[in-house]
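Going by TrEMBL, these are the annotated features:
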TRANSMEM  29-50  transmembrane segment
TRANSMEM  70-89  transmembrane segment
TRANSMEM  132-149  transmembrane segment
TRANSMEM  156-175  transmembrane segment
TRANSMEM  187-207  transmembrane segment
């Protein structure tokens, strides 16, 4: 065990376990962030493919080319956002003293991801009578996703706040000509976009919570073994 002498009294100070704990936490945090980043990149590629095929977003006609060249910035941005959101959710649960205990297993997280992709698929593939009907339907589905897989006040609040900020950021990008929607109906963007962002935040938040729970279980097992 590493010992460091105190400058005032000369008594040995045991810093070894403390430094090791901080190092392990930092490494685990980086691993979780990297995994969440990859999840965000994967979801961005899949969802962007759906939107381009539906001709909702206006990129060049070649789908593969649009994903890997013209829209090169979309996957990294989504990956970074997923990492931040996935780390923020368990942190907020801890700060607010509201641990998330609803259906905490990976199978439930995978179902949440499947529902989220299904909501995006509906927005891209299903023909609705008008944009109001589409927006209301997606809003109901997004809130239903939160109720089924989350039900926490912190999850709902963060979902709403981040969805509003993401919609505002998207509006700025469209306004500045970075890309555009084929049939915008609300200030250059699609009115149902906040619902998609909300569902995405809840999904990534659940993944982040599950990763944090797995890390906690592993650390507890190591502690018992020691």
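Note: Cβ is positioned from N, Cα and C throughout, glycine not excepted.
The transmembrane segment (156-175) makes no contact with the transmembrane segment (29-50): fewer than 3 of their CB pairs lie within 8 A, with pairs spaced 6 or more apart in sequence. Long-range Cβ contacts of the transmembrane segment (29-50) within its own chain (Cβ-Cβ under 8 Å, at least 6 residues beyond either end) map to 57, 63, 66-67, 71, 74-83, 85-87, 113, 116-117, 120-121, 124-125, 200, 203-204, 207-208, 211-212, 215. Non-local neighbours of the transmembrane segment (132-149) in the same chain are 102-103, 108-109, 111-112, 115-116, 119, 122-123, 155-156, 159, 191-192, 195-196, 198-199, 202-203, 206; each lies 6+ residues outside the stretch with a CB under 8 Å from one of its CB atoms.
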